[in-house]
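Remarks on the structure that follows.
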């Protein structure tokens, strides 16, 4: 069907990133996104936002389905860049939908739970421009009225000066970068020829009997989860360093993104308090609230995880090797089921899940179900990704040093 091919073009017809393709495909989406952010700050702009929304979504769709960030490098180990593009552009589109239907304007406030401040002075172009840029980049809503209920971890970096904060962030970045590569290398080393390569392969070794096979895949999944944590943390360190140094942000506006999720003693604590809250507003606005209106408290939980699952399904599709619903979205839905089971336990026994047994329960549920999602990523070649030039990879350098010493 020609119309379907036009709507969702084959991945091999995507356009490599260039100045021309950036101008034609990427820049319009960014400008429309920014325009919606500016409008949601200004009162009485609902109809303008409604008029802009179809154009914004169509532009975002074209960006996510027609642009190839990895093509200029001619290295299939970089197709994760297209996964990142799809995740970013999907986030852009969802936020544009949320902002479009917002009835009251957004405003900045140090306390999102405080009552709405008195009527402010008339907006200036400079103020709107700066606030709209902050809104576009501020995924957690730090300092905005729409971030109610956000759980923030205690800051460990010095916030009394930008220089001290930047130095601490840089040191943490370097340490996390090394840990990230050690973990990634370890996961790849389980099978360099299959899932450790760009060709991909399953983490379930068919040559092993069931018990060793699934114990091995669970270890791989656990290490892959730690690798993901480090990867997200690296992105956060780069963003916070840039925000404070380049854009002169207040260091206090960049609180920690994680709160040691490996210490969680319940699934509710893991996902609501300790895991990153970057997409919290998306999941609540587009998942929890609509499904809660139909299914009550269960809909609140499952709705959030459904949107999370769909976002990750879209990201996997962006790599250009197809996608899977049940192994990817199914993982997140099972996280929601686990939280519902915790509520059932609490109602039946009068005790919350917690303590040492709660930690065992949480880690088993998160990691064991994670086998299927990590396997989907592995079969698509995601684990075989490269993040350093081969000659500069830290683990390769360490290998050479150790080899020279032993010789």
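Cβ atoms here come from the backbone N, Cα and C positions, even for glycine.
TrEMBL lists transmembrane segment at one of the ranges 276-297, 298-319, namely 298-319.
Counting residue by residue with DSSP, the domain 'Wax synthase' (254-332) contains 53 helix, 0 strand, 26 coil. Nonlocal intrachain contacts for the transmembrane segment (353-372), taken as residues 6+ away from its ends with a CB within less than 8 angstroms of a stretch CB, comprise 203-204, 214, 217-218, 221-222, 224-225, 262-270, 326-327, 330-331, 334-335, 338, 342, 345-346.
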